[in-house]
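> What follows is a structure written as structure tokens; I'll ask about it next.
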Amino acid sequence: MIRKTQSHSALYQNKPWANNENNIWLASTISLLRNIDKYPFPRKLEGNKRGQIISLVSRPILQSSHLNKPFMIKSEDASPVEKEYLVEHFLSSSSFQQAHSGEAFILDHSGKFLTTINVDNHINFELIDCEGELETAWNKMIKIETSLGQAVNYAFSRKFGFLTSHPVQCGTGFILTVYLQPSALIHLDLLEEKLVKMKTDGIQITGLQGNPNEVIGDILAIKNNYTLGLTEENIISTLRLFVTKLMVEENNARAHLRAAPEPHLMDKVSRAYAILAHSYQMETIETLNALSLLKLGSALEWLSGVTPHELNRLFFDCRRAHLLARFNEEIPKEEIAHRRAKFIHETLKKVKLKI
């Protein structure tokens with residue numbers, strides 16, 4: 001049996017993606033990696049040292065005036081479902097299931113902020129932006145990082161910048177990831193051609209789970225490959241230019257489809273609608289793949305009865321931990337796929353095909 005843990009109900013209160021109306025851009029996340037001077041990286045930390053770092057880091061952050069009622073969850077107090085929820089909520093390509101005693105999570109009531117302690121680096125500040133306010137999110141993170149830096153000494157080298165557990169991330173320790181759904185380019189088999197023509201130096205493109213060879217739900221995770229020798233402004237500017245070009249190509253492909261609809265793609269959208277509307281059971285990956293086609297069909301006006309923000313919300317809410325968070329009773333593992341299908345049926349009950 002699987003159930004939602006009630007002890008940390010603040011986890012489930014705010015969903016920053018709830019009003020995202022964009023048909024292509026799903027979200028952006030910014031991460032800032034820091035380690036504390038004179039302490040080994042987490043993998044070599046002894047138990048008592050882990051506790052010291054949690055105490056050093058958590059106290060200033062929990063008192064920060066830049067956060068909305070921050071709170072801490074120690075990893076040993078978090079259920080597997082709560083850890084999975086954090087991974088889904090912040091679009092993480094890593095799992096927190098291996099985080100046990102000596103690790104911790106700090107969040108706030110905005111639903112946009114997460115700091116992990118001792119998980120991979122001593123500190124990973126993370127913010128999710130679903131409103132297109134990247135600079136606002138970045139300025140907030142800098143204030144939090146600077147405030148903590150007044151209480152602890154960060155591990156820093158004049159040659160390599162801020163030191164991180166993975167050498168490729170040394171420098172600013174700043175990672176920007178933009179999540180796009182260029183579904184038209186993908187299903188017209190144009191994506192690789194367009195990417196070859198675009199400058200991708202220093203940019204890494206993977207699927208949602210960090211695998212460059214597996215794209216789930218037509219979601220591309222586009223991020224900077226390294227931070228050494230680059231300012232945060234350089235990284236933001238480079239990725240923004242790349243993402244803008246890719247979105248222009250995607251919009252051009254959609255304009256082509258509006259002018260000259262492709263029968264094979266109309267068939268894909270129709271089949272995706274049928275799966276979502278009539279399946280008795282649905283697994284997560286199957287659902288995400290079908291939703292991406294439905295979202296494309298909505299943008300092309302091949303169907304009606306659903307808004308972009310409703311579809312964007314579904315991309316988060318249909319995943320396992322988010323789905324479990326909707327129910328207050330224990331759910332047998334074998335029943336989750338059916339509950340997901342019922343939830344999708346209810347959400348999409350007004351959808352009508354127009355092709």
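From the backbone N, Cα and C atoms, a Cβ is placed for every residue, glycine too.
TrEMBL feature annotations, pasted as is:
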BINDING   27-31, 175-179, 206-211  ATP binding site
DOMAIN    24-253  domain 'Phosphagen kinase C-terminal'
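How buried are these features, and what lies next to them?
Same-chain residues at least 6 positions away in sequence with a Cβ under 8 Å from that of GLY210 (ATP binding site) are, in sequence order, SER93, SER94, ALA221.
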> Counting only residues 6+ away in sequence within the same chain, which have a CB under 8 Å from the CB of THR29 (ATP binding site)?
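The answer is PHE90, LEU91, GLU126, LEU127, ILE128, ASP129, LEU176, THR177, TYR179.
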> Which three-state DSSP class does THR29 (ATP binding site) fall into?
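The residue in question, THR29 (ATP binding site), is strand (DSSP, three-state).
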> On average, what pLDDT score does this prediction assign to the domain 'Phosphagen kinase C-terminal' (24-253)?
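Over the domain 'Phosphagen kinase C-terminal' (24-253), the predicted model scores a mean pLDDT of 94.
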> Count the Cβ atoms, other than its own, that fall within 10 Å of the Cβ of THR206 (ATP binding site), considering every protein chain shown.
18
> Around LEU176 (ATP binding site), how many other C-beta atoms are within 10 angstroms of its C-beta?
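Result for LEU176 (ATP binding site): 22 neighbouring Cβ atoms inside 10 Å.
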> Just to be sure I understand the packing, how many Cβ atoms besides its own are within 10 Å of the Cβ of ALA27 (ATP binding site)?
23
